[in-house]
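**Student:** What Swiss-Prot records for this protein is below:
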SIGNAL    1-17  signal peptide
DOMAIN    18-107  domain 'CFEM'
DISULFID  26-64  disulfide bond
DISULFID  30-59  disulfide bond
DISULFID  39-45  disulfide bond
BINDING   42  heme binding site
DISULFID  47-80  disulfide bond
REGION    95-163  region 'Disordered'
LIPID     165  GPI-anchor amidated asparagine
């Protein structure tokens with residue numbers, strides 16, 4: 001109980017320093033919807049609640065003007081940044097599904113082969129590349145008219161490599177407006 005009071009006091013002091021008047025009315029309305037009650041006054045919990053973030057960010061993206069979105073994002077950065085959660089520079093409304101694209105190619109040659117795969121997924125900020133490049137040796141040898149020869153068996157060696165870049169964001173919204181909701185609940 002005592003910890004909740006301390007957390008609430010910290011939230012209120014951060015919000016006061018931020019200035020509630022800087023938060024557009026449209027964002028205040030969005031923040032009052034769907035607040036994750038399981039978080040209580042835990043700002044970090046609110047700033048990382050995926051379902052809440054999707055709902056509030058979509059609300060701000062569709063109901064606030066570009067200028068109001070900018071002010072809302074700056075406000076959220078001040079609060080969520082204080083607990084180590086990064087907030088993106090824009091409000092996006094996640095789509096119901098995801099889309100992906102990719103390509104693959106293979107170019108065998110007499111000395112070996114190579115292949116590469118590239119793909120991306122939108123809506124979750126995850127991209128990656130997988131490029132295995134195996135090499136192989138074919139039998140080699142020589143022969144004469146007397147039918148003698150030498151050779152070596154075919155061998156294959158390869159070390160597939162994988163490189164990737166996954167944005168270390170909780171989701172596409174990254175805590176964008178969770179701070180606003182925490183403020184609205186704390187002040188209410």
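A Cβ is built for glycine as well, from the same backbone N, Cα and C atoms used for every other residue.
These figures come from a predicted structure and were not determined experimentally.
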**Student:** Rank aside, I only need the closest one: which of the disulfide-bonded residues 47, 59, 80 has its C-alpha nearest to that of residue 26 (disulfide bond)?
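**Tutor:** Smallest Cα separation from residue 26 (disulfide bond) among 47, 59, 80: 59.
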**Student:** Give me the CA-CA distance between residue 39 (disulfide bond) and residue 47 (disulfide bond), in Å, as a whole number.
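**Tutor:** So the alpha carbons of residue 39 (disulfide bond) and residue 47 (disulfide bond) sit roughly 10 Å from each other.
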**Student:** To the nearest Å, how far is the Cα of residue 59 (disulfide bond) from the Cα of residue 47 (disulfide bond)?
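**Tutor:** Between the Cα atoms of residue 59 (disulfide bond) and residue 47 (disulfide bond), the distance comes to 16 Å.
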**Student:** Round to a whole number and give the Cα-to-Cα distance in Å for the pair residue 80 (disulfide bond) and residue 30 (disulfide bond).
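**Tutor:** Here the two Cα atoms lie 17 Å apart.
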**Student:** Across the domain 'CFEM' (18-107), what does the mean pLDDT come to, as a whole number?
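**Tutor:** Overall, the domain 'CFEM' (18-107) comes to a mean pLDDT of 80.
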**Student:** I want to verify one value. Collapsing DSSP to three states, which class is residue 64 (disulfide bond)?
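**Tutor:** Going by the DSSP assignment, residue 64 (disulfide bond) belongs to neither helix nor strand, so it counts as coil.
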**Student:** Measuring CB to CB from residue 64 (disulfide bond), give everything in the same chain under 8 Å that is also at least six residues away in sequence.
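**Tutor:** Within the chain, residue 64 (disulfide bond) has Cβ neighbours under 8 Å at 24, 26, 27, 30, 72, 91.
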